[in-house]
Amino acid sequence: MLPVRESLQKQVKILIGLGNLGFGGYRGLYTRFTNPNGFLEPASSDLLLINERRNLSVIGAVSRTFSVPSVSGPAFQVCGYHIDLLLSDPCKSMASLGSKSLFVDRHSASLVSKRFTGGMVSGDGPNRGRISMRLRGKDHNEKSTICAYFAYRGAKRWIYLNQQRRGMGFRGLHSSLSNRLSAGNAPDVSLDNSVTDEQVRDSSDSVAAKLCTKPLKLVSGSCYLPHPDKEATGGEDAHFICAEEQALGVADGVGGWAELGIDAGYYSRELMSNSVNAIQDEPKGSIDPARVLEKAHTCTKSQGSSTACIIALTNQGLHAINLGDSGFMVVREGHTVFRSPVQQHDFNFTYQLESGRNGDLPSSGQVFTVAVAPGDVIIAGTDGLFDNLYNNEITAIVVHAVRANIDPQVTAQKIAALARQRAQDKNRQTPFSTAAQDAGFRYYGGKLDDITVVVSYVAASKEEGKH
């Protein structure tokens, strides 16, 4: 669907293993290649190493291979993906790409209701369209950060919730939050109301002094579980972790583009790849996520649209930008002290970036500064996570993991596994079902979707990777 640019000079072929649905694990195929753009085509099982040769190992059955065209750019670590294995070194850089299906926003600080009818809204150009029910949503030196980048071809299947409830009108929700918030005045907006404004302010103030004397680092791990129906082809989610630069990002391609014959997974993958490239140009220790997203959006030309959340630990604290219904939360001493709010134009119509100026712009994203200290845990994810787990459920897993000295990779897997379990439970109340009921639907249970989870432990920089 997307033409391969003439400038692509080399290819690196990645072995990708697919297993039974369960936990998502990663084992790196360690090599260096340049600027993977995530455009996937069928390939043979040969493995071509670019720039230098290293020992490669694949653990688990390998059943499918892809090739990733590349152009000159920063070095990456290529990761294999195997769903039924719990494999990975949490100290290694990780990234993965995934999928998307249904709709709905669930947490928002202040909501304005209005009524509209879902359906197709025409856009600019003969091949453009906006699906209001689901369209949500350079030269580098040799010492570039080693990042992991793992690509999947996006699935082309999408399900409208209102197809099960045709003829029903529904209320739209619109977030009226300001575009720039700080941890001092941004409340936790989860449905379980576990944190108040005063708690956030007090916690942030008490941590701020610690930042002045303690250089910090992020120790991160990730897990991705595709929608069961999209396991073979991947999906529309994407994420990256840059360990050296202390940055990470998640994106959720809007599956509704499949109705127009467009795979939005290309867009989210290219957006995250361009975000990694932009991070390489940022001053060390002073990454500006908003500037990174602006550059990445400008460079992303694939058709489709996506949500985006980029987070960076800098000398001044945790900086982030979030656009749409992906997001992140910060857990401290067993409590959720911060949760990024969801952005959406109307019910089931999230903010989304799109190539050109047809969608929302990066400037519409909400920018956050959060004071953090050693012992804090950051959880970032797509709506497949936050639609199915309340804040206190995520926090409970984090508390257990910290006490048991479990690394962030396994913690991410445990969170993703519980989110998948909740998604398949037709009787349990979830953030998704609560939001649907508030919008006038008789809906119970979770929302089956792609699930991307990134867990980062905040540690003193002198520590060796354990929380």
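Please read every residue number as a count from 1 along the shown chain.
Glycine is treated like the rest: Cβ placed from N, Cα and C.
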(message) Looking at Mn(2+) 2 binding as recorded in Swiss-Prot, which candidate out of Asp438, Asp449 goes with Asp252, Asp383?
(response) Asp449
(request) Using C-alpha atoms only, work out the spacing between Asp252 (Mn(2+) 1 binding site) and Asp383 (Mn(2+) 2 binding site) and round it to an integer in Å. (result) 8
(message) Helix, strand or coil by DSSP: which one applies to Asp449 (Mn(2+) 2 binding site)?
(response) coil
(message) Neighbour count, 10 Å Cβ-Cβ cut-off, for Asp252 (Mn(2+) 1 binding site): what number do you get?
(response) 35
